[in-house]
Amino acid sequence: MTDTSCGLTRHFRPKWLQRFATPRTYMVVYGLLGTIQAMSFVYFTVTLSNIEKRFKISSKTTGMMLSGNEVSQILLSLFLTYVGGQKNRPLWVAWGVACSAVSCFIIILPHVLYGAGKDALALTHEYMDESKFHNYTEKDSLELCSNTTAQTCKQYTTSDFSAVPTVTIFISQFILGIGTTLYFSLGQTYIDDNTEKTKTPMVLAITLALRTIGPVFGFLIGFICNRMYVDPTLTPQISEKDPRWIGAWWLGWILLGVAQFLFAFILAMFPKTMPRKNKGQLEDNLMVAINGMNTMTKTKELVGDQKGEKIQLGGPSKTVELSFQDFLIAFKRIVTNKILIVNTWSGILYIIGASGFITYMVKYLEVQFQKSAAESSKVTGPMAILAMCLGYLSAGFVISKYKPKAFNLLMWNVIGGITFVAGQMIILNLSCSEQPLVGYNPVLNRVDLTSNCNRECGCMNLKYSPVCHQRSDQTFYSACHAGCTKSFKSANSQPEYGNCSCPFAMTTGERFNNENFKNELTDNGPSTHTWTKFQYKTDGDNFSQDTLKSGPCPADCGYNFVAFLAVTSVMHFITSSGKIGNILINYRAVSVEDKTFSQGLSLLMLSLFAFIPGPILFGHIIDTTCIIWDESCGGKGNCWLYNKDEFRRKLNLTAIVFIAGGTILDAWVCYLGKDIDLYGEKDSAHPVENNTEKSEEKSES
């Protein structure tokens, strides 16, 4: 009875606990666990830009750092799913969740080792660094900038530019990959094997919907932590909208780690096989011998009761001897399954295309719409989650109630792909209008921050600390580059700067239409900009008496940001509504004994060809659009300023190419799998293979 009863070990299986040995209870626990794991994933993406700024990491390096998850899946997924599928699946999933919990505590080690960092501390009241704020009086006007000393360079080299944070986060992702593999490959097949096939779509929909709720809380925790300074005990002197702001990215991982340890304990108590009262239902889910397996013995222990008949599988007398030859035979069966392989490659192209937004969504919103990490979490998260939940639940309801044919479900995926491409084309044209950084020439894509008005300031070694001249809507690299010699605090304790020599009232359009500017580009080449040649407006205003505020000038987004939210919500709804059908196709495209193993192989392929190269590819693309890098003491760190138009075009066009390829493969899957039996209505051990052969015969004739 131990294999069909709840508890831990053979000695702790109380009777009151057995009432929970039901598929419904497992579905709730598994779904809530998915909620926690989804929270972790979203929380990571929401706080990722803070990690980049804190440890001076480029986007390409970030993509490589995140690949640790997929590396472990590549190395271990086949072994874990092949062996784990024959063992106690809930227990194996529980161990995987425990690994995910451990990864949460490993990821905060860089903060434990290095703290908030010198730059972040310098922007607080307790550790005020005047070289960061240019906190000078008129008497100190010649000391606007401080040269970086050798000692400071040594400090940057040993802490901010250390490889230890990157390696540590990679290790945490590697361990997380073990939990991800076991959760998806073993957990979902356990549900499918313990429910009626006609009920599987709705069960999967509810499970995925519960998992989709996770990002809501992930965005919420991310919003709270991003609004807190990286060291919550200190008082920051900048607002969260300032690009130098670093939130308490490490704080949420403590809560997520504890929660996953708790769920691992609960999940481990589920039985190896759910007790059933209907023999007919169970026979469809018997684990049959793998073709070519040398030895396997199976016993069924039937325990009668007044209400019906309970069947126990995999009791103490069950012995399974697995060999490498059996593994190869099963592997060959799966890799020669056209529907499964083509559907997996379609998923690979979709994931690569979507990985730019999945991994770098917060950065995209920061660059295109000037939304802070906290604002991104607050606005985009709830809308995306609502759309995805509606997609999952509506698809589960329609499939369970109306049982559409496989062709209709697969055709919906094709329609979803076309919709996704159309949405990307719309997003390609959505952005905010704003003035470029003073000194940046978007035509030549060059930055020259030195001009006559700040040439004597000695601003060469300053970090990016943007300030805004609001009347002219101009953003300067720093108060030093604006020629400011005064600094003081506003009513809300934010730094402001005065007695600035560089602000002027001309707009960017006037500068480019100015004949002197055109002649300067022709006569002097792109490397020199003499701002004194610009025509100043003489309306009686003295701009040198204006004050400049810390942070870049706000952009006018208006309708475009609302349109972005609406389009992405539709895209989320369409793609999520097709996921239930995709999972069913993968389950029904193989025979029962290969179900778990096939999921492991699919996960391996997705990791190797999509999850690893996708973020690295888009990280590299994003890095190519960078205008200003953090280059303290010669070390190249994170990017502070991007060419937003090039950023938007490259990211969206690359996504369109891959999604279009995935849509074409979806059309092929639609043809190959149009006759698959999704609901157990055909009495065939291998219905898919027969359907595939029929499709091939029709095509040949």
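Cβ atoms here come from the backbone N, Cα and C positions, even for glycine.
Note: TrEMBL annotation is automatic and uncurated.
Keep in mind that what you see is a predicted model, and the values were worked out from it rather than measured.
The feature domain 'Kazal-like' is assigned by TrEMBL to 447-501. Taken from TrEMBL, the feature transmembrane segment covers 25-46, 66-85, 92-114, 169-191, 203-229, 249-270, 339-362, 382-399, 406-427, 558-580, 601-622, 651-672.
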Taking the transmembrane segment (25-46) as reference, which of 92-114, 203-229, 249-270, 601-622, 651-672 has the most Cβ pairs under 8 angstroms?
203-229
So which residues does the transmembrane segment (558-580) touch in its own chain, when a touch means Cβ under 8 Å and the partner is 6 or more beyond its ends?
201, 204-205, 208, 212, 368-369, 371, 379-380, 383-384, 386-392, 394-396, 399, 409, 412-413, 415-416, 419-420, 423, 426-427, 430-432
Tertiary contacts of the transmembrane segment (203-229), as residues 6+ beyond its ends and Cβ separation under 8 Å:
23, 27-28, 30-32, 34-43, 46-47, 50, 116, 120, 124, 188, 191-192, 195, 236, 240, 245-249, 251-252, 255-256, 372-374, 377-378, 380-382, 384-385, 388-389, 392-393, 395-397, 399-400, 576, 579-580, 583-584
Run the contact check on the transmembrane segment (339-362) against the transmembrane segment (92-114): 3 or more C-beta pairs under 8 Å, excluding pairs closer than 6 in sequence.
no
Can you say which of 249-270, 601-622, 651-672 has the most Cβ pairs under 8 Å with the transmembrane segment (406-427)?
651-672
Give the residue counts of the domain 'Kazal-like' (447-501) per reduced DSSP state, in the order helix, strand, coil.
0 helix, 15 strand, 40 coil
